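Visitor: Sending over a structure as structure tokens; questions will come in a sec.
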Amino acid sequence: MSNPFDDIPFDDAHGAAPAPKPAGGGSGIAARAMGARQQPDYLTGLNPEQRRAVETTEGPVLVLAGAGTGKTRVLTTRIAHILAQGLAWPSQVLAVTFTNKAAREMKARIGLLVGGAVEGMPWLGTFHSIGVKMLRRHAEMAGLKSDFTILDTDDQIRLLKQLIQAEGLDDKRWPARQFAMMIDGWKNKGFGPADIPEGDARAFANGKGRELYTAYQNRLKTLNACDFGDLLCHPIRVLKANPDVLAEYQQKFRYILVDEYQDTNTAQYLWLRLLAQRRVSAPTSPLRGGRRSEQSEADPGGGDIGADTPTRLDTVSPTSPQGGGGNAAPPNICCVGDDDQSIYGWRGADVDNILRFEKDFPGATVVKLERNYRSTAHILGAASHLIGHNEGRLGKTLFTDAADPDDPKVNVHAAWDSEEEARAVGETIERHQRDGNNLNDMAILVRASFQMREFEDRFVTLGLNYRVIGGPRFYERMEVRDAMAYFRVVCQPADDLAFERIVNTPKRGLGDASVRLVHDYARRKGMPMLAAAAEIVATEEMKPKPRAALRGVVENFARWQERLDNTPHAELAETILEESGYTAMWQADRSAEAPGRLENLKELIRSMEEFESMRAFLEHVSLVMDAEQNEDMDAVSIMTLHAAKGLEFDTVFLPGWEEGLFPHQRALDEGGRSGLEEERRLAYVGLTRAKRNCHIWFVSNRRIHGLWQSTIPSRFLDELPTDHVDVAEPPTSYGGHGGYGQSRFDRADTFSTRRESPGWRRAQANQTEATRGNWGSRSGIAVERIGYGETDSGFGAGKGSVKGRVIEGELIAKSVADEPSAFAVGDRVFHLKFGNGNITAIEGNKLTIAFDKAGEKKVLDGFVEMV
DNA sequence: CCCGTTTCACTTTTT
DNA sequence: GTGAAACGGG
């Protein structure tokens with residue numbers, strides 16, 4: 001990361017945060033250079049606040065790191081500092097992140113700082129991966145064997161479905177997917193079946209919620225499996241129930257660091273708090289010995305690093321920490337986060353965790369990082385003003401010294417529909433590219449993934465390289481999951497879910513009836529299905545044809561299992577796919593996807609080679625569900641706003657700023673005020689991804705669920721400050737309709753002809769009616785003069801003090817008319833996009849129209865006009 | 001038991 | 001409009 005403050009004078013840093021080893025006196029350049037040399041290299045270039053965050057190693061520390069303020073740098077430097085000062089061995093530092101990417105990046109950067117591999121940091125990883133690690137060591141305490149498998153959401157849902165059916169419930173009425181979400185929600189709070197609130201338990205399946213949850217947990221246990229939530233819940237339970245184990249970890253982890261603390265959920269918080277409550281006393285504990293031996297195992301790892309940082313590690317004994325002498329020492333926990341970037345409330349993240357930090361850890365040092373190294377003053381101004389509309393913030397204001405009058409303001413653009421939006425974004429991208437910018441420096445950040453498609457379509461026709469991040473994942477592809485299921489059964493014969501997935505894939509004549517037979521037999525005898533199948537094959541229970549097929553399967557697996565430990569695993573994997581007929585199945589497939597699928601299978605086997613064993617590979621895949629993208633090509637990135645957190649781009653496009661989409665209607669409905677605030681934080685995240693150029697788009701018409709809806713600009717547009725925002729004039733516009741209201745529709749290019757058409761007028765009228773307002777023109781953003789309760793839109797004075805029409809909750813309802821349709825079946829109508837047609841059916845305000853050219857479509861009545 | 005057709009739900013975000 | 005799942009005929 002290039003830091004513009006790399007050359008900040010050293011004295012600056014000294015003033016606010018004295019170095020541990022004061023530099024020698026003297027003011028000459030040479031003396032200063034000497035002083036600088038004595039500073040550890042890694043501290044150079046940190047600003048005073050960053051430095052304080054790094055050097056305050058003892059006691060609880062909360063680092064409030066705004067977007068682009070060098071958060072990762074602080075975290076990694078802090079770890080490097082702890083290691084270099086000899087305050088702890090690498091194995092005594094617990095550092096948790098949310099994503100694998102963040103963990104990887106942290107490892108890499110610490111490696112750079114400390115010099116050399118950081119293999120000695122076994123406890124740096126995601127919450128989940130560290131949870132697994134703990135759980136594998138103490139699996140018996142959670143009623144599991146240490147080689148338990150980890151189920152993904154898909155398996156989880158299939159399992160729940162079986163259970164729901166087994167209860168004699170209608171799985172249509174009570175969808176497994178929904179129940180899976182409820183369970184996730186409970187586990188995010190650390191609730192076991194006994195802990196869930198009565199109301200929650202009643203909410204599903206006529207009050208059988210708790211019963212089903214219990215059944216699910218039992219089933220997991222017999223399958224020797226865990227779902228994602230268990231990876232945290234089990235460790236919490238183990239730690240609570242076994243004080244000796246807990247004490248072991250509490251003493252082991254001298255320093256705890258947490259990234260993205262604002263995203264922690266209750267379970268993660270509980271887990272952290274358990275580990276952070278250091279009870280350093282208890283020298284009598286019999287576990288001392290155990291701990292020692294454990295530690296000596298880890299020490300060599302630390303020694304490796306010591307080789308690169310000679311002085312400190314040798315002289316300071318890690319077993320006599322400076323801060324942890326007495327009883328109940330304050331924990332050395334350092335949480336880094338930004339309450340303004342908390343965007344995962346919907347999956348259980350609790351912003352309160354960060355807001356409460358000082359109460360949870362009395363005497364905490366709080367460091368605010370507000371100096372932004374990423375964006376222009378305009379972007380920061382826009383983002384800060386927007387986020388200022390949220391309440392209950394810890395309150396930070398980003399600033400930058402790098403203000404250049406040439407910096408572009410944030411641009412707001414309007415488009416007729418999403419198609420035009422994609423076209424215009426494509427043009428802007430090409431323009432930037434012609435100006436000598438890399439596509440890699442540009443990104444399109446959308447609210448919902450369905451928005452991506454239109455951009456993809458457009459870019460394909462333009463021949464513009466693009467890359468979808470967080471799109472359909474490699475490990476979620478059908479063929480990859482099938483192959484994985486084969487491997488899972490081989491490694492883990494009790495994995496019934498995997499077995500069921502592939503018994504009849506490829507088709508072997510083992511349909512529902514046969515699988516049920518095996519399933520019932522297995523349940524009756526309490527054995528895994530594969531074992532049951534082996535027994536059934538030896539009996540007369542099955543008709544000869546399926547029996548032969550099943551025998552084949554059983555024999556195959558027996559053979560593969562034999563070879564598991566004496567064959568190179570990638571080779572074995574290939575054999576399995578070969579002998580099972582799975583590869584042949586796709587080779588015989590004439591469909592268009594088949595070659596791609598075969599390619600994916602090859603890629604799967606190739607990536608397996610990088611692992612030590614098939615088991616190690618399976619573990620990796622279950623936790624690290626992302627596949628690397630090829631970074632070589634120059635391409636525009638398309639991703640969701642959520643996926644964009646932590647990234648930065650020179651130019652950022654933010655399409656779809658319309659009510660209902662952004663803020664998302666569902667967030668508003670289900671989350672109310674706090675839902676809206678989370679959406680606003682999402683907008684803030686989006687804006688602050690941009691270094692220099694930021695283009696916001698909204699459209700008047702968008703197709704949602706297959707039918708066209710008219711939309712209103714997002715309220716977030718109103719919340720942007722005029723001084724930092726420009727409304728882009730259409731390039732071909734022959735200026736001068738500045739004074740006109742409704743001018744945002746006056747896109748000259750494609751509409752000069754259409755503007756006179758009846759459909760256009762109809763749509764325009766419709767739009768005006770919905771959003772009636774005044775649109776500023778010259779100086780600022782197009783301002784829609786609609787009040788949103790108390791919201792300060794930032795446009796106080798001026799001629800535009802038109803009385804705001806408060807339509808709040810009704811904003812979107814506008815497009816779902818409640819009055820009876822003015823049309824009748826058989827009417828001849830005109831539609832701007834589809835031309836003329838006849839109405840064949842009416843359903844509320846949705847019309848089904850047989851268009852002369854476009855065929856039958858469903859359309860909202862606001863978009864057609866009687867001919 | 002297999003395969004084609006129809007139907008339905010989906011569209012927030014993900015470790 | 002799309003994809004998955006259910007249904008019914010062969």
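Each Cβ is built from the backbone N, Cα and C atoms, and glycine gets one as well.
As annotated in TrEMBL:
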type	residues	note
BINDING	A:ALA65, A:GLY66, A:ALA67, A:GLY68, A:THR69, A:GLY70, A:LYS71, A:THR72	ATP binding site
COMPBIAS	A:312-321	compositional bias 'Polar residues'
COMPBIAS	A:764-775	compositional bias 'Polar residues'
DOMAIN	A:44-376	domain 'UvrD-like helicase ATP-binding'
DOMAIN	A:377-646	domain 'UvrD-like helicase C-terminal'
REGION	A:1-29	region 'Disordered'
REGION	A:283-331	region 'Disordered'
REGION	A:752-775	region 'Disordered'
Visitor: Starting from the Cβ centroid of A:ALA65, A:GLY66, A:ALA67, A:GLY68, A:THR69, A:GLY70, A:LYS71, A:THR72, which together make up the recorded ATP site, report each further residue of the same chain whose Cβ lies within 8 Å of that point, ordered by sequence.
Guide: A:VAL74, A:ASP338, A:LEU369, A:ASN372, A:TYR373, A:ARG374
Visitor: Would you mind giving the whole-number mean pLDDT across the domain 'UvrD-like helicase C-terminal' (A:377-646)?
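Guide: A mean pLDDT of 86 is what the model gives the domain 'UvrD-like helicase C-terminal' (A:377-646).
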Visitor: Can you check what DSSP calls A:ALA65 (ATP binding site), collapsed to helix, strand or coil?
Guide: strand
Visitor: Quick one: give me the count of other CB atoms within 10 A of the CB of A:GLY70 (ATP binding site).
Guide: 24
